[in-house]
Structures are given as C-alpha cells and as structure tokens.
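Undergrad: What follows is a structure written as structure tokens; I'll ask about it next.
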Amino acid sequence: MEEKGSQSLEYFVKREVLDELCLDEVAQKGTWSTKPTLGDQVKDSLRCSVPRLKHILLTWIPVLSWLPRYSIRENALGDLISGCSVGIMHLPQGMAYALLASLRPVYGLYTSLFPVLVYFIFGTSRHISIGTFAVISIMVGSVTERLAPDSNFIVNGTNGTETVDIDTRDAYRVQVACALTVLAGLFQILLGVVRFGFVVTYLSEPLIRGYTTGSACHVCVSQLKYLFGVSPSRFTGPLSLVYTVLEICSLLPQTQVPELVVSLVALAVLIVVKEINDCYRQKLPLPIPIELIVVIAATVITHFCDLPSKYNIDVVGEIPSGLKAPSAPDTTFFSSVIGDAFAVAIVGFAINISLGKTFGLKYGYKVDSNQELVAVGLSNTIGGFFHCYCVTSSLSRSLVQESTGGKTQVAGVISSIIVLITVLKIGPLFEDLPKAVLSTIVFVNLKGMFKQFMDVPLLWKTNKVDLLVWLVTFISTVVLNLDMGLAVAIAFSMLTFIFRTQLPRYSILGNLPGTELYLDTDTYKEVKEIPGIKIFRSSATIYYTNAEMFLDTLQEKSLSCKFSLKESQMNIENISERTKGERNGTSVAFSMTETATDGLHKGQVNLAYQPDITMSDSDSDAGYDHITEFSGHGDEAKEQACDSGTHSIILDISTTSFVDTVTVKTLKNVYVCLLRSCVVEQLEAADFFSASIPKTRLFITVHDAVLYILKKRGKADFVV
C-alpha cells in the first residue's frame, strides 16, 4: 500500500476472476454449524446451576450487580446533591402534573415516591428520573375524565341548585387511574418478558417528537382554565381541543382577574429565573430551584393574605398527611381502559427508552430495552397498588439529575426520601397553594416540547418523508385526541415504510475510469457505461410487493434499445456480487447475440419471460483493450451503447437480504442469482439452481462479472 498525500491511498489487487464455487474452495466454506440444535437449547434452558441462577438474578434484578460495587468516595457526593435537586423538583411537578391527570395533587406526590424506588431495583439506566410526566399525565387525565365526568356526580344543593360531589368524583377517578396504571404496567411486563423491546423501533423519532408536541398542545389548553379562572365545558372525541379553545375564548369576559394576576406574576418569575439557569448552568453549582421557591412563596402569600376568601382564588385544598394502605385496583375497569392502557404503555416506554439510550451512549453503558420494559412495567404495576398513576422518565428532571453530578440511581432513592418527608409531614402546609401557580409550572416545563417545532425546517432540508410523518402525527394528535392520534400516526408511519419499499430507486451503473467501481450514471458525471453492457441496480429488497415493478423497470431501463432479431440466442450469465465493504452487491448478466438482422423483426425484447434459453459462448462482439477507456460521454455514451447493441445485462441487487416464494419465481423468470450466503442457502433449499442456472455463474463482484462477460465476448487478453 502506498500513501499519496494525507487523504489519498492506493491499493493494488491481482487475482483470478472468482465464481461462487471457486470462492467456496479458496475460502474453504464449511457446512458445519456452531448454532446449537433445538434439543440442546431446550436442555440448556432447563439446566439448573449456581452460575446460571446468579446470571438470571443479575439480569432480572440489576441492582444486585452494581450496588455491591458502589463506590462511596466516587459517587456518594454527586448522588446526594443530584438526589436533593431532583427531589425538590419532584414536589411542584408532582402536584402540578396530578392536575393534568384530573387527580388531587397528593397523588402526584405518591407517584413521585413508590415508582422511583421500584425503578431503582429493576432499572438499567443510571441517569433518568422516573415519575410524573406531562404527556402521560394528560393521557391518564383523558381517561379519568371520560369515565368519571362531572355530570355523573351531580347532587342537589341546599338551595335547590345542583353541585358536583367532588369527593366521590375524585375517589372514583383514582380507581380509574390505578386500574389504568396496573393494566399498562402488565402490558409492559409482558412485552419485556417475551423480549419484545424492539417494538419501540417502529416508533420513529419524528413520530415520537410529533406526538409529544401535539400532546403538549393538549396539556397547554387543559391548563388555560386555571390560568384565567374559568370553567369551560368538557369535550371529547375529534376536534375536542378546538372546541375547548373556542369555549375558553367565549368565557374570557368572565376571567377572574386575581387568578390571572397570580398566574402572570408566577409565569414571569419562572421564565426569567429558568433562563438565568440556562445561561449560567456552567457557573452555577446547582440550578436555582425556582419552582419550589415559587410554590412556597405563593402558598405563604395566599395563606397570610387570605386570598381564597377575599378573591375566590382556587387552591389545592386538603392534602392528607401520611401514606395510604395499598389496595388492589378495580378490575372491572380493565375492559373500559384496555386500549388506553396499551397506548400509555407504548408511549411511556418509548419516551423512557429514548432518553435512557441517550444517556447510555453518552456515558458508555448499556441500557437493556427489554429490562427497561420490565422495570417501568413493575413501577406502574406496583405503583398502581399504592394509588399512583402511570409514570415514565422526565427530560427536565433527568437533565438536572445528570448535570448536578448524579452517577447512579441512588440519586433517585434520595429524591424519594425528600418526597416521603413531604408526604408524611410537610404536605398539609401546601393546602393554600393556588392551582394557577401549578398551571404556570406546567406551562414553563412545556418549553422543551414546544421547541420541537424547530424540527419542521430541519426535516424539510433533510428528509421530506420524516417531515410528513412528523406533521401527520402532530395534526392527528391535535385533531383526533391522544389515543386516536397515536393510532393514526403509527398506521401512517407503517404506510410510509411500505411505500418506500414499493418505490425503490432503480439505477443504471457505469464504470469510474481507472477503478473497479460502478456508480449511478445519473448521479456521477464521470462514470461511463460499458458499451454493450447494462448494469441495473435496485435499492430495495425484492419481494412479493415490488417483484412485478422490478421486472417492468428492468425492461424499461435496461432493454430500451431496439434489437434486430430474426433468430436470437441468449446466453444468460447469472452473476451475484458480494463485497464486504459499503458496496455489498448482487449482479446478474444477460448475454444476447444477434445472429441476423431483419427489419421485420425489430422490437423490444422482454428477457424476463423468455421460456427457452440456449446457452452459447460462441457469440462475440468487438472486444475492448481497456474496459475503463470508452469513447463518448454522458448521453453520447448511452446512445453508443444502444447503437452498438446491448449484448449483456448485469443486475446488482445487493439489497436483497431475504427471498420469498414470489421472489424465487421472479428470479427464475429473469435467471437471477443472489450471493449473500443466507440468501443462497434459501435458494438452494428452494431448488433454484439447475443445469441452466449453475452456481458457477455466480461471481463475487460486478467487476468479476464484467471481466467474465468481456472474455466470453472474445477478448482474452484485455487489461484493466
């Protein structure tokens, strides 16, 4: 190898042209298999031993693998500071997001306590913060309000007026939320046990970001009633978001000015201080806990100024101290919430694993997607017995946990201790906290999701299909609500995948002079077609949905020249390319001979459906001394290829990674051979190879195919 400058290198290879059988002999292909038989796998799975038991325990309970090796000197201080910071954030966010779930704030505190402890035991990410999250909370809230609307709890008042029995309604909504949470957790555990963690790969990043952005719009609209102090009607079904906005606009003349003032003041303080935290995050040892400060200040001012009685400001109300005894969820709700539970399970896991993988890649540790399903599922299932609702990881809290020095999930335990102290002793002190302040906390924390609108111009420049997925997901989520919107988004995403396989890119390849590279003639100006040889490439796997299109495009692109055929013979060389670099290839060559010319027999030839193929090596055209030295350029070269007559066609179908029965039949029609070992094995099992299609016609590169064809055309002493 000789170096030319800092970037350019050359390599020289001298070898014989290799077909598949020669390659098997040279590389000494073996027929043995290192994969254990089914019987061995069953025996191994039933075998019990101490090392195997230890491995199972460490796999299913990850805390046993890292906690005994926990370094107090390296991790304790960072985890302590991080846990305190995240615990302080849990308090206001837990209470605020509970309102999104249409539950009392104390249930948000429960949700910030028990699931975090469960994830500490079973989770594999060291940095994410499990607990309440806006999108999941609003999804839970849509279910609780649908199954327990205010209209179901109307009672007669003292003066003949109708009022809502709030205590009964809230208790019923807690039962709905707990049943939903347990069922969603069971779905996640089941998917994790059957190793179905890969399901999240079908939720692309544009889909998740479009969905969370649409969900942020629902969250924002749901909090407007607290911001303005109005009581809009509840709408369900498609366009409910639009109807709610119109209803709130119609109620603006009834705005409670004190509520609006409290909201605006809290909103201004939160925005300013959070911007300061962002600007000086490198200099501040800890971010200013402005949410907790605002909550404490608002509670103190409201209590001592007696704002609820003077200005009718809506406050949180009773927050019971202590923990409630665990209870089993009401399983009668399962049939009513099964669809919502599955949607919550998938969305919650998708958010959790995407954030966990991000930190895992950054710090160089593995986050097991299947174990994460089990961990989050157990957090939800166990949490549902302790009056918690569905959880997932929070971006804002996770970033704080990471940026303040958190190294392990011990930080989560410390944050849970802070929440526990609040629930046991401090909770009742927040009874005079205005709900408007909690709504402003929700608004400010939506900033990150609303910044995802910047995806639109970026996707416009990079990938129009991903942009379409993002827009369809966002619009369907906003228009059709969270459950139907997610279903439509997934269906549309699957359709884009189908259309991409149905509309692959087909190219004619030419040779880059002086090399053995074959590139798209429409993309690269300097590449030139080899006269008499058409090299056709498909960008997608050939299977039953696009096999017919493949044949039609092959005829259109490769057989567009007119041939004078009175009595034709065709020598079909089946050529397959296998390279171990970026250009993994599969090639097929058609060799045609014009034995006579007759104007009466001119017409297009469809080689895909020729029933009789006569093998002949005696036909030849003029040879070429150097296959990379052609006359003509661009369209002129293409015209020359047509004028001189196309005698061979090479198919590059390297993207085909599997074959179905339709593919096998299609390949027999066009006499195609694939080269990837797994595909060759499938073709051998399907009795694809025969006397007319022997494995000796399989070549390892397109260049080998070209050299072989040119030699067969009568030029034995050509030079590359």
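The backbone N, Cα and C atoms fix where each Cβ goes, and this holds for glycine too.
Relevant sequence annotations retrieved from TrEMBL are reproduced here:
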DOMAIN    523-671  domain 'STAS'
TRANSMEM  97-122  transmembrane segment
TRANSMEM  176-198  transmembrane segment
TRANSMEM  260-277  transmembrane segment
TRANSMEM  284-304  transmembrane segment
TRANSMEM  333-355  transmembrane segment
TRANSMEM  410-430  transmembrane segment
TRANSMEM  467-499  transmembrane segment
Undergrad: With pairs 6 or more apart in sequence, are the transmembrane segment (410-430) and the transmembrane segment (97-122) linked by at least 3 Cβ pairs under 8 Å?
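TA: In contact, yes.
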Undergrad: Which sequence-distant residues neighbour the transmembrane segment (333-355)? Criterion: at least 6 residues beyond either end, Cβ under 8 Å.
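TA: Long-range Cβ neighbours of the transmembrane segment (333-355): 125, 128, 130, 133, 135-136, 139-140, 142-143, 147, 175-176, 179-180, 183-185, 187-188, 191, 197, 199-200, 203, 205, 208, 211-212, 367, 369, 372-373, 376-377, 380, 390-393, 395, 398, 482-483, 486-487.
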Undergrad: Below 8 angstroms Cβ to Cβ, which residues of this chain, lying six or more residues outside the transmembrane segment (176-198), approach it?
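TA: Hits for the transmembrane segment (176-198): 101, 103, 107, 140, 143-144, 147-148, 329-331, 333-334, 337-338, 340-342, 344-345, 348-349, 353, 368-385, 387-390.
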